[in-house]
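Peer 1: What Swiss-Prot shows for this protein is this:
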- 1-14: compositional bias 'Polar residues' (COMPBIAS)
- 1-27: region 'Disordered' (REGION)
- 15-27: compositional bias 'Low complexity' (COMPBIAS)
- 31-270: domain 'ABC transporter' (DOMAIN)
- G67, Y68, S69, G70, A71, G72, K73, S74: ATP binding site (BINDING)
Amino acid sequence: MASDAQPSVDQPSAGTPGATGNSTGTTGTEIVFRDVTKIFKQGKKEIHALQDINTQIPAGSIVGIIGYSGAGKSTLVRQINGLDRPTSGQILLDGQDIVPLPESQMRKLRSDIGMIFQQFNLFSSRNVAGNVAYPLRLQGMPKQQREERVKELLEFVGLSDKGKAYPEQLSGGQKQRVGIARALATNPSLLLADEATSALDPSTTRDVLELLRKVNRELGITIVVITHEMEVVRSIADSVIVMESGRIVEQGSVYEVFSNPQTKTAANFVATSLRNTPDMVEAEALQSENGRLFTVTMAEGIGFFDAISKLSAAGVTVNIVHGGVTTLQNHSFGRLTLRLTAHSTDGEKAIEEFHSHMQDSTEIEEIR
């Protein structure tokens, strides 16, 4: 995104750098929020929708913004594309503060920002090709060039044979692919995805997220994903911003937030994604056998396997009875529930030492 006061609008064409499918890609947009506040007024009452927002989204990255309903996620996105303006603060896109720009300049700027939505927002009266071509028609792109661009985009999103189909003939996943193709039509450097997968089933969600990864990987576009599903963040994002009541309560790499959440809100979201702590029924069944049960958060650098070796050396029987370990941003991470059975006083002492060591290094909970 150009940082000049008068951003230019280039018309992409097949075969040019930055055109869809070109592995050299586009340079993504850097986004910086500085002390951003948004206040809505309802009569004499003030509603602080955003409060003291400070964050930086690196160019070419994928960031997930997560929070419960009313947290301020969608309001934040509307500040980025200028559909709403903050009460105070700065929003810099590649170093250019967009807050004071007149609407005429913001319209030009929006051609560099793609948007996909939960409900797809396709024109039912236009076929797939017509929907994808719509922003190009608004730009005044010549018909032949427009048709080439649409063909290229449909191939990129895996819908080469659907150009003449109408939205009512498509599945939810196919509709969202059309939405992504349309969002890419003007060759943006920034893509905003507002709850783009929340209306889709899990399998289709995975397919759409893989397509967004392809967009980021091959085109270099910065992607901001608004969601209330931590699994979406886990699957696609480089970093995560956790919002609550209009504030950023936590932010960091996905691995950092997953492995060591600092707030209750973040911890609750992480728990919904991992789902590897025994529920009440499972816990009762596990407690029917001898031994003590511990659920341990696995992360690198906690000395877990050394601690397990010490337990075994003390004659403690160690069984993994629940959970699993996965790879997250090239780090091992997960939760394991262990049954530790001591057969001597030394074994009981070793279990206490294990518990103490894990408390100092990670999260551990004894299931009683």
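Going from the start of the chain as shown, residues are counted 1 onward.
Backbone N, Cα and C atoms are what each Cβ position is placed from, and that goes for glycine too.
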Peer 1: Which residue, out of the binding-site residues G67, G70, G72, shows the minimum number of other Cβ atoms inside 10 Å of its Cβ in this structure?
Peer 2: G70
Peer 1: Taking the center of the Cβ atoms of G67, Y68, S69, G70, A71, G72, K73, S74 at the recorded ATP site, which other residues in this chain have a Cβ no more than 8 Å from that point?
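Peer 2: Near the ATP site, beyond G67, Y68, S69, G70, A71, G72, K73, S74, sit H228, M243, E244.
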Peer 1: Here are the binding-site residues: S69, A71. Which has the lowest count of other Cβ atoms within 10 Å?
Peer 2: S69
Peer 1: In sequence order, which same-chain residues at least six apart have a C-beta under 8 angstroms from S74 (ATP binding site)?
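Peer 2: Correct list: D194, I226.
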Peer 1: For the binding-site residues Y68, K73, which Cβ has the most other Cβ atoms within 10 Å, all shown protein chains included?
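Peer 2: Going through Y68, K73 one by one, the largest Cβ count within 10 Å is at K73.
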